[in-house]
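Feature annotations, courtesy of TrEMBL:
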| type | residues | note |
| --- | --- | --- |
| ACT_SITE | Asp152 | active site, charge relay system |
| ACT_SITE | His225 | active site, charge relay system |
| ACT_SITE | Ser558 | active site, charge relay system |
| DOMAIN | 33-118 | domain 'Inhibitor I9' |
| DOMAIN | 144-599 | domain 'Peptidase S8/S53' |
| DOMAIN | 383-472 | domain 'PA' |
| DOMAIN | 673-771 | domain 'Subtilisin-like protease fibronectin type-III' |
Amino acid sequence: MFEIPVKWLVFILTIYLPFNIVVSVNNPLTRKTYIVQMDRSAKPEYFTSHLEWYSSKVQSVLSKPEIEGNADEEDRIIYSYETAFHGVAAKLNEEEAERLEEADGVVAIFPETKYQLHTTRSPMFLGLEPEGSASVWSEKLADHDVIVGVLDTGIWPESESFNDTGMTPVPTHWKGMCETGRGFQKHHCNKKIVGARVFYRGYEAVAGKINGKNEYKSPRDQDGHGTHTAATVAGSPVRGANLLGYAHGTARGMAPGARIAAYKVCWAGGCFSSDILSAVDRAVADGVNVLSISLGGGVSSYYRDSLSIAAFGSMEMGVFVSCSAGNAGPEPASLTNVSPWITTVGASTMDRDFPATARLGTGRTISGVSLYKGRRTLSTRKQYPLVYMGGNSSSLDPSSLCLEGTLNPRVVAGKIVICERGISPRVQKGQVAKQAGAVGMILVNTAANGEELVADCHLLPAVAVGEKEGKLIKSYALTSRNATATLAFRGTSLGIRPSPVVAGFSSRGPNLLTLEILKPDIVAPGVNILAAWTGDLGPSSLPTDHRRVKFNILSGTSMSCPHVSGIAALLKARHPEWSPAAIKSALMTTAYVHDNTHHPLKDASVATPSTPFDHGAGHINPMKAQDPGLIYDLEPQDYFNFLCTQKLTPTQLKVFGKYANRSCRHSLANPGDLNYPSISAIFPDDTSIKVLTLHRTVTNVGLPTSTYHVVVSPFKGATVKVQPEILNFTRKNQKLSYKIIFTTKTRQTMPEFGGLVWKDGAHKVRSPIAIIWLTPLK
């Protein structure tokens, strides 16, 4: 659980440190990639284009003049940005970058940053009924007008999930294109995949030229991640989809009628900010309505985060931006992509599982999970020797983790080996065990993973078990001279209770960049998700895996993000006039916070109730989101007013405000006054401040005449009063305001959580509440 100790300052200072900055040899003359943001309105008239002016600025600071035609000199500018962001990405040494930062017209300079990927049944689990049903979500022609841009590893166009049969012509507003290269030609785009582009100049500036023989320098996806996320967003229905017999059924995306535009920004060595920024800029210019970005790179201040700035520009253009929260849970304050104009998505389970068992020589049967299906099988009538290479010590042991080269074949050959999670990928541990001659593996969780179970498509018979059962198995192997076990695989199981459960790996709040903005925003299915896969890689993603499958099962907030992106596309089709903030509000205020046993949502890492720092507003509920009753809407200027509360200098604010000449004339009294669907009341460390008032405005998108009554949950440490307690609407799109008055009774050492709900008999418009009392630093 998260605590509020004196360590807050340390946490906050740490969170502001630059993250994953791409570094090279510590030489001020070494060229690195910098993203240069320019003030577009400052271009002198004698320049014929903005790019000409940007180039002139870069040339003016170079250590030595670039000689035209000199083959030794490379082109310093690798990208120009002109839609969601304005400026260039350029290769500069440290001295040149410092000189350029001082130049007129230059707003800010960002060093290149490396980002990482945050790595069926979900439509039915979410209430999105099959095509042809009477559901309000049954496919409509309007769905076909929505285009989702997916920034990822590319796309595998031959997948049946991207079949365009029955789709209408590409919308006329679409300006994108289908870029070609090895393995990807014009005909690979269709009425489903309406665009495909690649962005690699930033990557090559850091990692060197991409080897075109080993990697597709085209939109084709050989990693699988991008194909999986794109199919989750908007894949066409495919009957009989399965992974080696597991999860058999119809696979379809959240918005099967929507279009996909694939922007390949990730390569074998990672994803780089200059490429991501160029893709966002291009996608907005191309005409996407939604951006799905399952990537993360840590947290930096708003004005230093190039993705945050590009997302702000996208939001200004009416584009909804959904990002994964990260897979660094259950550590507190582990979130990425926390800007309020981004929808930050955590991960949860579904009511489907893949049970497997380990039966010990004692006769005890341990429950676990697995997606193993292979020629090697273990007889359930026979017991196999069981071995654990670790000891009783709590310290990490490379052998107990089954790291490369740590298992002695003479010890493990012919046995089932126990491997602990951590450091290396789960499936790689199985490969190490297999190479050492093991006949099977029991993968045990450590304290970091708790009881959360994630199924994997292992290369040898393997079962994953929780921490408690793992301790029992390890103790048995260490204390019994002739320990034995066997493994069995039970296929696919539905109707699992409780579900959903917040995934242990899902990154957690609080949002230390701005405590007043409660993050994550929402959770969605992200555990054991079946979707389309590349034809170039086996389901374990290991080079030694020669199996080929059309669908794969993956887990991560990378999988939950496209669920939200697809549902946002459905909402955009149904309500084309809604702003990105309106769509986010509908998703958040209709989310649910109880599982299928009618108990509060649980946290898989500790098996106790989760909090808004884990699940945000709750679990996404698409059926309710299409008719939320009330919404908390926001304009771009409202977000800028929020930024005015963040202690940014005028120069730093200019990063967000220059294109519309935004200013802080209407700054908020409190950052918590941003008209956000969640509510976070932060009492400062000054104990004399006992009353805090926050303000909200709701817009009626339900029946023209309606009356809403408020209900607020009780808190130990404070009384919460809402004024007025009744909102009477007389017309559609009418706005009414209310205030929430928090009065401290007893300062609490831990955050308190609850909710505020507006009810009219047909709708329940719920906002999570967090109250935090900051502890004075000693």
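Keep in mind that glycine also has a Cβ here, set from the backbone N, Cα and C atoms.
Annotated features, which come from TrEMBL, shown on the structure.
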{"residue": "Asp152", "record": "active site, charge relay system", "CB count, 10 Å": "29"}
{"residue": "His225", "record": "active site, charge relay system", "CB count, 10 Å": "26"}
{"residue": "Ser558", "record": "active site, charge relay system", "CB count, 10 Å": "30"}
Secondary structure tally of the domain 'Inhibitor I9' (33-118) (DSSP, helix then strand then coil): 22 helix, 30 strand, 34 coil
Cα separation, Asp152 (active site, charge relay system) to His225 (active site, charge relay system) (Å, whole number): 7
Helix, strand and coil residues within the domain 'PA' (383-472) as assigned by DSSP: 20 helix, 21 strand, 49 coil
Number of helical, extended and coil residues in the domain 'Subtilisin-like protease fibronectin type-III' (673-771), per DSSP: 1 helix, 58 strand, 40 coil
Euclidean distance between Cα atoms of Asp152 (active site, charge relay system) and Ser558 (active site, charge relay system), Å: 10
Stretch-averaged pLDDT - the domain 'PA' (383-472): 91
